[in-house]
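Per TrEMBL, these features apply:
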type	residues	note
SIGNAL	1-30	signal peptide
DOMAIN	50-123	domain 'Membrane-bound transcription factor site-1 protease-like N-terminal'
DOMAIN	203-455	domain 'Peptidase S8/S53'
ACT_SITE	D212	active site, charge relay system
ACT_SITE	H243	active site, charge relay system
ACT_SITE	S409	active site, charge relay system
DOMAIN	483-611	domain 'MBTPS1 third'
DOMAIN	612-882	domain 'MBTPS1 fourth'
TRANSMEM	1010-1027	transmembrane segment
Amino acid sequence: MADRSRPSQGSSALLAPLLLALIPFSLVRPASDPSAIVTGSDNGALAPARNHVVRFLEYRMAEDHRAYLAENLGSRNGWRWVERRNPAASFPTDFGVLEIGDLYRASLIEELRRLGRVKDVFVDTSYSRSLFVEESPKGGNFYDLEKRPGKIFTSMSFEEGEEVAYSPVSNASISWRRKLMMQRSQVTSLFGADRLWTKGFTGRRVKMAIFDTGIRADHPHFRNIKERTNWTNEDTLNDNLGHGTFVAGVVAGEDAECLGFAPDTEIYAFRVFTDAQVSYTSWFLDAFNYAIATNMDVLNLSIGGPDYLDLPFVEKVWELTANNIIMVSAIGNDGPLYGTLNNPADQSDVIGVGGIDYNDHIASFSSRGMSTWEIPHGYGRVKPDVVAYGREIMGSKISTGCKSLSGTSVASPVVAGIVCLLVSVIPESMRKDYLNPASMKQALVEGATKLSGPNMYEQGAGRINLWESYQILENYQPRASIFPSVLDYTDCPYSWPFCRQPLYAGAMPVIFNATILNGMGVIGYVETPPTWHPYDEVGNLLSIHFTYSDVIWPWTGYLALHMQIKDEGAQFSGLIEGNVTLNVYSPSPPREKGPRSSTCVLYLKLKVVPTPPRSKRILWDQYHNIKYPPGYIPRDSLDVRNDILDWHGDHLHTNFHIMYNMLRDAGYYVETLGSPLTCFDASHYGALLMVDLEDEYFEEEIQKLRDDVVNGGLGIAVFAEWYNVDSMVKMRFFDDNTRSWWTPVTGGANIPALNELLAPLGIAFGDKILNGDFSINGEQSHYASGTDIIKFPEGGYLHSFEFQDNSESGATQNILSASGMTKVSPILGLAEVGKGRVAAYGDSNCLDGSHMVTNCYWLLRKILDFTNRNVKDPVLFSDSAKTNKPLHEEESQLPLRRTDVNFSSYSSVVGKDLICHHDTRFEVWGTKGYGIHQLLTGRNRKRYSTIDMVNDLNNTMIEFNVEVDEATTHKGSGNYSGLVDRNKSRNSIDFLGLLNNDEVDIPMLMAGQWIIPVLVALACLLSYLSWRMRQKRRRRRKGSASGRLMNMV
């Protein structure tokens, strides 16, 4: 009996972990996600959840939308309709807010997008004025930084008396001194508002919507507060921060100390921000809908952020302006950095306002252009549209009295007040016939005064001129126009960067992206293709291809000129002048017969020089740069604690504009390639400049580049960045408002991809994150989060220095090592490979104007001397630096790609077709490029899974949501030029990553919480069955042995 009881005890011991394993881990909710949801049937288990905006194809009452979803989703668990109790509830709406549990999210969204009335589904993004939390008290580690809850939003105004304002997206402080000449001048008098007041124009019967922090009903500075509405989750209509009151005061205040521009304007205060300065997309959508329903004339939005791919927000702004509401918005307080335009001010249908001081200098805080929507294949638009005084402007305090603030959020209501004043000039019965977002922008940009110092991407059309704009409107007839209307290569610095480099034969096309303003109607069409009309015969040397909006909506479109000099002009030197004409028409409005039509004219004055020699020509690789948005692209310098994103465009004319000017001063001609490396003729260029690259490479690119270097003599200068998987995992964090994980898509650069590209040349980078100072021949430099070189060919020249390794793995080694915190690492290598020459450097921050500590332009010049002309600097090519044997690491030691990120959602390569775009030479447009004889297949790289692809029919935008498994489909929406294509895909799931410390997103964790217990249970079951079989065999052996003994007896 005792023997028989042992199997029972053993089985109980083995069944215990089996039963424990079957307990679902999902019952243990992550501490970082405390929210819960009631299922669709109002019964069910609690689960992590988040709010989603479900957009519909038509307007209906909210209850109709709710009933439609309830009927089609039936008793499905995991969702709940969120009631929105605000003034818009009494009007039809085109969206609903659903709380969806994460366990059901993928299947529910898939089912929602199949419904006929559903347009798309997005996470209900949160906005926040304050950008980043302060540095972690834990100190030390760059990954201690966290993003504030909510959608990224740049800083608001600066308080009076502040001597230093801090730029929220750079490590630079902005300093200024008070000007004695200012003497608290009334901004209204500086623009001459009193001239219109004397004519009786004071903003009467103009409905002004102020989207901000609210206003108090009995404020003594305002005579005409018509309505106050609250769109937040706080039960108050009052302004407890003071910003909304200040903005309203600049527009319509009547206190003698802080006069507004249009004191009789009807103020409609939309409180869209809480006292904590937080807002949600759904609050804005409801408030925008209400502004449309109540027929607002002008809307001021003194806010903005870098995410121009928040589709629900962007499309609602289009809809709002399409309903003839003139929107004015701040361009951003992220100057003096370039490529820092804020949305929605960067939209062509919105009047984007920059800031100047009282000396007519661009304010240091004012964001600079160009727009970055169009990168990499196109070129950005001119923004801001106009600039206005934004330094120490007087406005109303919360209760009474006046104060001064600075910022583009102050310059924006200055222009909004001027717009209200100008609207009142037109008789009320005629306003809708003549005034619209396009005609108002035409009046402002055509009347503006161009400033003598700044370029077009700093000042737009120039300082606003109220009187000139008034005269334009006074005699206005509906028409279309082009902005800017002139491109003059002899007008420097206004026409920078075009005036810095002449045209020449054989170059990549120079792209100039202008905006079409159609004051004739909300929708318009290009009647005939644009035409180039040269003034003389030499103008025929210029070849222009045009790309433009098929449909001009709402009120605006684009016209891109792709300009190149014909081969017969290779020796020409001089000017080419002429006009580009474009005919636009709009359908006839009510009470008019026949369509409206107009001819737009763009004047060109271009400088041309003979084609420079190959040694003077450089090609910049733009195609393989990835920026925010759409994904969490981390900053390059991890020492910069107040900026977590790489969002400035990484373009020669944005954050690398200082380097571009240096190269031009050094006599180099720099061109841009926004297409794959197969799309340029290497025989024309001395060097390919590859800086801070995050994307992958086609197999054809790798093969062609090797041939270009080894056989074609092309030089390559590579400036890499940090890449360390452990550190990227450490940088991952959970955002409470979007209920999603922020995971870096890649490192500062995509080192695994770069290593694959450089492998045929015998070069590879490592995964260290190195920091420190070093010196070469007396030139001091700072190495900021750069990487090391771990492979380099024999006979090359390597330079190594002592640095601290701040990577996660390096920090662990430093703790275990007794040799100290610094180690010698190779960071700079130069080598001749075949007929070509290659230089590799592990850091790009010394070229990037955004977070530069010290520049390394001196090093870049010496590198280009080598790559382009084989001139060897005696210090860089000293005998002590020469390698007698190749530097080599085993393949297993090379940095590996992440397996928990679906890179195809962000890449221009993975899952895409190789094609030359409109930034390349005309002869290869739409082809695969030069020298491709055998085309390879396998566009979807094996190292990345592209499971369950969800194609975006709109093929234009990507929502702000770093969590790439958000299934989003758009129906019935037309294409918009210049926006990145995308394929949305759910993350591939690597459950073994949970055992190997690979970070995965919450949906993966939820799935993993069931898979792992099942695996454990199966293992236990197999162990139990194996144990039982062994017991049976033992009993059989015992039985047969006892039988034999009995027979022997």
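Even glycines carry a Cβ here, placed using N, Cα and C.
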(request) For D212 (active site, charge relay system) and H243 (active site, charge relay system), determine the Cα separation and express it in whole Å. (result) 7
(message) Before we move on, state whether the domain 'Membrane-bound transcription factor site-1 protease-like N-terminal' (50-123) and the domain 'MBTPS1 fourth' (612-882) share at least 3 Cβ pairs under 8 Å, counting only pairs 6 or more apart in sequence.
(response) yes
(message) Please report the Cα separation of S409 (active site, charge relay system) and H243 (active site, charge relay system) in Å, rounded to an integer.
(response) 9
(request) Would you count the other C-beta atoms found within 10 angstroms of the C-beta of H243 (active site, charge relay system) for me? (result) 23
(request) Determine the mean pLDDT over the domain 'Peptidase S8/S53' (203-455), rounding to the nearest whole number. (result) 95
(request) Just give the helix, strand and coil counts over the domain 'Membrane-bound transcription factor site-1 protease-like N-terminal' (50-123), going by DSSP. (result) 25 helix, 29 strand, 20 coil
